[in-house]
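Structure first, then comments.
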Amino acid sequence: MTSLIFKNVTMSYPIYNAHSQSLRNQLVRVSTGGRIGGSRGEVVTVTALDNISFELNSGDSVGLIGHNGAGKSTLLRTMAGIYPASSGEIIREGSVATVFELGAGMDPELSGYENIMRMLLLLGNSVASAKSKIPEIEEFCELGDFLVLPVRTYSSGMTMRLMFAVATSMRPEILLIDEMFGTGDAAFQEKAEKRMRDWIAGSDIFVFASHDRSLIKKLCNRIFRLEHGLIYEESMDIL
């Protein structure tokens, strides 16, 4: 059975050359998403995730909420295995696909078609499987002749269309999305939302970080609120 389990997970990272009090004050002021720990010489330690535990199983669709810098993106990347935990245990049972920052995994000098193949192969597809997915991705993203052009010529909305189409063509057991719906025109957002509904209906675990609470209410059945590296499960009634 698909599952994603965090047991007392902490993720800390050092900030080097933090030799001045002004830098320390700046770190606090911009809110890193965690806590600023004690400095060791010229190193300041930031605890982005602080001893958090939860369990996700098949059927869980989780909305992550919290202010900018609360730790949502850090949590998603730790879920995906991009960031290693400093301590604690993470158990992942199931394949993972992500939609994070614009252009992640893409080569801007390659065409849309070439990037589709590149991303699908990076996600573990065979060449034959990747080629079989191209027509459906092409139809969904609606980029037409732009797919033969370098991705560096794309707008941010076009790039997100392509990334989203590739990620959701995979049908992974676990899908992690960071603020995906904030980019793109209204028509594509509506189309993407419908695709997500269809995906969730037949999926295992879905985790979505967003400031759009109305969209979280439509797509999710659990709410995690992050604040200064800590996690709290909230009732859906807060939306």
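Residue numbering: from 1, along the chain as shown.
Heads up, the Cβ atoms here are built off N, Cα and C, so glycines get one too.
If you look up Swiss-Prot, you'll see 28-239 marked as domain 'ABC transporter'. Annotation comment: Swiss-Prot describes Gly66, His67, Asn68, Gly69, Ala70, Gly71, Lys72, Ser73 as ATP binding site.
The most crowded of the binding-site residues listed here (Gly69, Gly71) is Gly71, judged by how many other CB atoms sit within 10 Å of its own CB.
Look at Ser73 (ATP binding site): DSSP puts it in a helix. In this structure, the binding-site residues under consideration are Asn68, Ser73, and the one with the smallest number of other Cβ atoms within 10 Å of its Cβ is Asn68. Neighbour density at the Cβ, taken as the number of other Cβ atoms within 10 Å, is lowest among the binding-site residues His67, Lys72 for His67.
Under DSSP, His67 (ATP binding site) is assigned to coil, being neither helix nor strand in the three-state scheme.
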